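Asker: I am attaching a structure below and will ask some questions about it afterwards.
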Amino acid sequence: MQLVGMVALMVGVLVSVAYLVYMERKVMAFMQLRHGPSVVGPWGLLQPFSDALKLLAKECIIPFKSRGWAFFAAPVITFALALAGWAVIPLGATEVIRDGVVVVMPYVVADLNLGVLYVLAISSLEVYGIIMAGWASGSNYAFLGAIRSVSQMISYEMSMGLVMLSVSLCAGSLRLTDIVVARHAMPYWMDLLLLPMAGVFFVSMLAETNRHPFDLPEAESELVSGYNVEYSSMSFAMFFLGEYANMILVSAMMVVLFLGGWYPPLNIHILYYIPGFVWFCSKVFLLLFCFIWVRSTVPRYRYDQLMRLGWKVFLPFSFVWVMVISGVLLWVKALPGMQN
């Protein structure tokens, strides 16, 4: 049964990636007073599959200076890690009563006790595929793009880790299912306490996924396409799929940490008749729209501004705010372990 769930999750992520690309092109076209994809299929709905077939049919060009196995291993590693992060994301849940106790049964492949640490570890491992791609391509542009991307991801992982720590402190658990349940039962003052961390997490999401306005690794005027400049055909497609799968993954993490997961946004009885999976997907969709909105409206940062924001603003602020949250929880005797 778990194998069926894994296959269904992989297929769902790949289809979601395909139509996220379609959504991005349509929304950006609307904001720029254009039509966007509208030829292949009704309203252009088959355009993602047309693009996939085009990439499959292209020749895989191997640069003369590339470094053999590493050149082909890099996109596979990046794509595999982008899918692996989804194993611990609870997409919904069913509540059952056993011996008079309400038990939450999440829709998740692996409900790990250390789910937060697992997601952080997967996001950290992704830098290996990127630096390998830049080194193995044998191109200075690709290598510089890879160095930029890796330094950017490492810089913002620090603040993201502190944000996740603050939410875990409030929830008293590192399991993502427990965090969603605890966040749903939290008082409003605790939501306000975590609100600045939500802002830090959203901006860090943009930097972690190399998305606009922090897409410095692929600055066209400087580095052409960045670390994947020498890739073509399905090798390029794997990097492309990995990037968009990561966009959906970090959006799902923000839904789990800050937006109540599969619970409805308002505690109104009639809203609970809508399946939790629908609420979860709706919240992820809203965050993905924000990704596209930012890309269409915000100018690109300079590299020094990006690094200054990560190391001199977000990291100190996140550290101080974790201390503030810990102090407040200590004052109200709500730190993990104090309730007993």
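Residue 1 is the first one shown; counting continues down the chain.
Using N, Cα and C of the backbone, Cβ positions are placed for all residues, glycine too.
Reproduced below are the annotations present in Swiss-Prot:
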TRANSMEM  3-23  transmembrane segment
TRANSMEM  69-89  transmembrane segment
TRANSMEM  102-122  transmembrane segment
TRANSMEM  127-147  transmembrane segment
TRANSMEM  154-174  transmembrane segment
TRANSMEM  186-206  transmembrane segment
TRANSMEM  248-268  transmembrane segment
TRANSMEM  274-294  transmembrane segment
TRANSMEM  312-332  transmembrane segment
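Burial and contacts for the listed features, if you can.
Answerer: Counting only same-chain residues 6+ beyond the ends of the transmembrane segment (3-23), those with a CB under 8 A from a CB of the stretch are 37, 44-45, 47-49, 51-52, 83, 86-87, 109, 241, 244-245, 247-248, 288-289, 292.
Distant neighbours of the transmembrane segment (69-89): 6, 9-10, 13, 62-63, 108-112, 115, 118-119, 122-123, 125-126, 128-130, 132-133, 135-137, 176, 228, 230-231, 235-236, 238-239, 241-243, 245-246, 249, 252-253, 256; these residues of the same chain sit at least 6 beyond its ends, with a Cβ under 8 Å from one of its Cβ atoms.
Listed by sequence, the residues of this chain that lie at least six past the ends of the transmembrane segment (102-122) yet keep a Cβ under 8 A from its Cβ atoms are 2, 5-6, 9, 81, 84-96, 157, 160-161, 164, 168, 174-177, 179, 181, 249, 253, 277.
Tertiary proximity for the transmembrane segment (127-147) is limited to same-chain residues at least six positions away from its ends with a CB under 8 Å from its CB atoms, namely 63-68, 70-71, 73-78, 81, 153-154, 217-218, 223-231, 239, 242.
Listed by sequence, the residues of this chain that lie at least six past the ends of the transmembrane segment (154-174) yet keep a Cβ under 8 A from its Cβ atoms are 113-117, 119-120, 123-124, 127, 182-183, 186, 190, 193-194, 197, 200-201, 204-205, 207-208, 257-258, 306-307, 310-311, 314-315, 317-319, 321-322, 325-326, 329, 334-337.
Distant neighbours of the transmembrane segment (186-206): 156, 159-160, 163, 166-167, 170, 212-214, 250-251, 254, 257-258, 287, 290-291, 294, 309-310, 314, 317-318, 321, 324-325, 328; these residues of the same chain sit at least 6 beyond its ends, with a Cβ under 8 Å from one of its Cβ atoms.
Remote same-chain partners of the transmembrane segment (248-268), defined as residues 6 or more beyond its termini with a Cβ less than 8 Å from a stretch Cβ, comprise 13, 16-17, 20, 82, 85-86, 89-93, 119, 163-164, 167, 176, 179-180, 183-184, 194, 197-198, 201-202, 205, 208-209, 274, 276-277, 279-280, 283-284, 287-288, 291.
Through the fold, the transmembrane segment (274-294) approaches residues 20, 23-24, 27-28, 31, 91-93, 107, 202, 206, 211-213, 247-248, 251-252, 254-255, 259-265 of its own chain, all at least 6 residues removed from its boundaries and within a Cβ separation under 8 Å.
Same-chain neighbours of the transmembrane segment (312-332): 155-156, 158-159, 162-163, 165-166, 169-170, 193-194, 196-197, 200, 203-204, 338, counting only residues six or more beyond its ends whose CB sits under 8 Å from a CB of the stretch.
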